[in-house]
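Chemist: Can you keep this structure in mind? I'll have questions shortly.
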Amino acid sequence: MSANRELFDHVMVPNYSPSAVIPVRGKGSRVWDQNNNELIDFAGGIAVSCLGHCHPTLVNALKEQGEKIWHLSNVMTNEPALRLAKKLVDNTFAEKVYFANSGAESNEAALKLARRWALDNYGEQKSQIIAFKQGFHGRTFFTVTVGGQAAYSDGFGPKPGDVVHAEYNDLDSLKALISDNTCAVVMEPLQGEGGIVSPTDEFAKGVRELCDQHNALLIYDEVQTGVGRTGELYAYMGLGVTPDILTTAKALGGGFPIGAMLTTTDIAKHLKIGTHGSTYGGNPLACAVAEAAFDTVNDESVLQGVKHREQLLKSGLEKINEKYQVFSQIRGKGLLIGAVLNDNYQGRAKEFLNAAMVQGLMSLVAGANIIRFTPSLVIPEEDIAEGLARFERAVATIVNG
Ligand SMILES: *Cc1c(COP(=O)(O)O)cnc(C)c1O
């Protein structure tokens, strides 16, 4: 038996359609496949591998903790979880942390907490959750219902109720829905999966004000934007808006699965003993790696480096566009960048991704019209240059037919 792409179709549930290329090792922002072909990684495992592959600090943390203790469950606490929680509290608005294993689970905790907070404080009529169209919050049934894409949430039977969707960057559409029965407004401080859409300043501040007027909690889903991705430790810091609850996952573990929900003491107290939980949440191995990743990213020179790399990547993409005229816009913040296809290339983002793969570059899409780049936050400048050269060759093959 050989572990190849064909085997996938025989033994895996068909909900994914992975590339034919199967990477077997990685170092920094380079990856090698089964045939020892080398690839440059502008995908970062979907904004997860914030320090690239096999960063020595993370490998050491994993090895060290791997020889101490792996798992206890929450019947006991553990040192790595306590240390990581303390660091999250010391470096954000938050006073309390709940650990989960993924972005969706962190959001699930946030939504359940918001509902319980509203029930305890105001009664059961205050249960409405407002989210935004094109938003993405994960694939559990509650989070996919809160997400703003029917294609992901329909076809699974009756949905959790009292969830509605407003237009992102449109305060009037939020005003039309929000009331004293709204328990929480959930938003990404830069929509990722939905197309790399930044909020306007006016919108970000207006959402906070409307939440305050109606005693609704503001939940920031920073699963994709958190831990340095936008050039700030968390994106809320760059917006000048403080949420009541924040969720973080993806880059938090630098490639080891972990998520967290952060909030204040006053809100957190509503998740009383026994109201919520997870067997793996706060697992020592995950928290030890996440602590090392967090310490490494939470550094002024690393965060400045993200802003510098943003300029390199964006200007490189602009140059390619001057030559080939394929994009209507290059947008996003930090190393969460979207190249929007112009009218001549509508619906063909996946073709660009495939062509880039042929040239030895891993990238992502965000919908049918946007090519998304979320490389390591410390990707070497020469890898950015080489990745752009490969992308240019891919663009040329498509433009020249
Ligand atoms: C990826 C993502 C999620 C889901 O995270 P999982 O770890 O896949 O459950 C939730 N919200 C946002 C904004 C994301 O980008």
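Every residue gets a Cβ built from N, Cα and C, even glycine.
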Chemist: If TrEMBL gives Gly103, Ala104, Asp221, Glu222, Val223, Gln224, Thr279 as binding pyridoxal 5'-phosphate, which of Phe136, Phe203, Phe256, Phe294 does it give for that site as well?
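Modeler: Of Phe136, Phe203, Phe256, Phe294, Phe136 joins Gly103, Ala104, Asp221, Glu222, Val223, Gln224, Thr279 in the pyridoxal 5'-phosphate site that TrEMBL records.
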Chemist: Return the residue, from the listed recorded positions Arg139, Lys250, with the maximum count of other C-beta atoms within 10 angstroms of its C-beta.
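Modeler: Within the set of recorded positions, the most crowded position is Lys250.
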Chemist: Taking the binding-site residues Glu222, Val223, Ser278, Thr279, which residues show a Cβ-atom distance to ligand 1 below 6 Å?
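Modeler: Going through Glu222, Val223, Ser278, Thr279 in sequence order, those close to ligand 1 turn out to be Val223.
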Chemist: Checking the spread of the pyridoxal 5'-phosphate site as listed (Gly103, Ala104, Phe136, Asp221, Glu222, Val223, Gln224, Thr279): what is the longest Cα-Cα distance, in whole Å?
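Modeler: Overall maximum Cα spacing for these binding residues reaches 25 Å.
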Chemist: Please list residues from the chain of Glu222 (pyridoxal 5'-phosphate binding site) whose Cβ is under 8 angstroms from its Cβ, counting only those at least six apart in sequence.
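Modeler: Counting only residues 6 or more apart in sequence, the Cβ neighbours of Glu222 (pyridoxal 5'-phosphate binding site) under 8 Å are Glu188, Pro189, Tyr234, Ala235, Tyr236, Leu246, Thr247, Thr248.
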Chemist: Would you mind reading off the Cα separation of Ser278 (N(2)-acetyl-L-ornithine binding site) from Gly103 (pyridoxal 5'-phosphate binding site), to the nearest angstrom?
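Modeler: So the alpha carbons of Ser278 (N(2)-acetyl-L-ornithine binding site) and Gly103 (pyridoxal 5'-phosphate binding site) sit roughly 14 Å from each other.
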